[in-house]
Amino acid sequence: MGKNIIEKIWDKHVVYQEEGKPDLLYIDLHLIHEVTSPQAFEGLRMNGRQVRRPDLSFATMDHNVPTKNLPTIHDPIARNQIETLAKNAEEFGVELAGMGHPDQGIVHVIGPELGLTQPGKTIVCGDSHTSTHGAFGAIAFGIGTSEVEHVLSTQTLWQNKPKTMEIRVEGELSVGVAAKDIILAIIAKFGIGVGTGYIVEFTGEAIHKLSMEERMTICNMSIEAGAKAGLISPDQITVDYIRGRKYAPQGEQFEEAANYWLSLASDEDATYDTVRIIHAEEIEPIITWGTNPSMGTGVSGHVPTLADYKDESDKAALQKALDYMGLEEGQPLTSIDIQHVFIGSCTNSRMSDLRAAANVIKGRKVHGDVTAIVVPGSYSTKKQAEAEGLDKIFIDAGFEWRESGCSMCLAMNDDVVPAGERCASTSNRNFEGRQGAGSRTHLVSPPMAAAAAIAGHFVDVREFVKETV
């Protein structure tokens, strides 16, 4: 019987195994940022330890960094975390892309950009959206601060082997439907707990037609489906993306690596513990209306009603979400006004995301009641976008063009949504207070966010696509 890619990678990385106990896994790449690492480095210091493999560790600053008025950091906690990471990286010999460095950016954007992320690797970071790197055919997952210290000390991690799940996206996407819509549709259909206890492989025609950046969006939000990690088997699109990048193998070594990477793809007769199927043709642009990512529906739809649910706990959850979001039962999604638009985050801040949004925005103006910002995912992405003139398109339309960072995805820096106001956001979480105390978050794709910025309320971006054809 054949193996799926999850089994292939996991089995290759087991250092020690004992029946009834977690496996000890070797970790190929440890990504570090300023928020979850200070206590881990302090633990090393207190116990007289060093980083075992600084060459397999890479650090950057992203969560707390300001995206305007650089280099000022007003919050003392944020400033301390950034300064502490710089000191720790220097003391322990870890490479750092700090503020002002040409490689700086959101950790889950720069890993792939730099060629650090490669198929077959085990990748960890003290951040839940480490699953992003699974787009390359890697087992990548977030860890806690104590685990960060363990990896720094030993380059290994104790882990229970998860079950395996295939989520197959059959068919082809319709025009105007984005990768973000695929993953939001999956979560809306199967729920935020569907992946609990599993590593998920995304398969199917619709998945393998996606670019690498689009695949990253899919895997980024596998954690919102409850999964330990999500990944996609590598193919020629994967190989072509990695070729020539800064930390990728070069020359003959690259060709050898590429052959190995392609061999990792799940065998034709591979099996999974669970299989779920969704049809791409049924997916339309999605808008979340509630306070978790499963509370979403197609743009042509409406907010659910209590009558749509039989279970009393589901009715209570709906009512709680409606109260927080300030929405009415049965309200059409296109009737929801917004005050903010955020295009950015580790989910949707790459070049293809910015181009897609700019295509909608070009020649149009941001609605007078909307404050809109674009935050590229890395310094490199920002420079490339500026070379293509995307910054001018956004600025001319009325967007603010910012420096790279996590920004408005989470209320951990200067970019927050005021209480009671709504944001059409390309980020990954719409929990209560995620973008600021009392803020109301609606998750959408970059084109949908751009269209909402123009209209001042949610609209079907496919109407804009028709206008430009």
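Each Cβ is built from the backbone N, Cα and C atoms, and glycine gets one as well.
Under the heading [4Fe-4S] cluster binding site, Swiss-Prot lists Cys346, Cys406, Cys409, citing sequence analysis as support. In this structure, Cys346 ([4Fe-4S] cluster binding site) belongs to neither helix nor strand by DSSP; it is coil.
Shown in sequence order, Asp62, His63, Ile106, His108, His129, Gly344, Ser345, Thr347, Ser349, Gly405, Ser407, Leu410, Ser427, Asn428 are the same-chain residues outside Cys346, Cys406, Cys409 whose Cβ sits within 8 Å of the Cβ centre of the [4Fe-4S] cluster site. Taking all protein chains in view, 31 other C-beta atoms sit within 10 angstroms of the C-beta of Cys406 ([4Fe-4S] cluster binding site). Secondary structure at Cys406 ([4Fe-4S] cluster binding site), taken from DSSP and collapsed to helix, strand or coil, is coil. Within 10 Å of the Cβ of Cys346 ([4Fe-4S] cluster binding site) there are 27 other Cβ atoms, across all protein chains.
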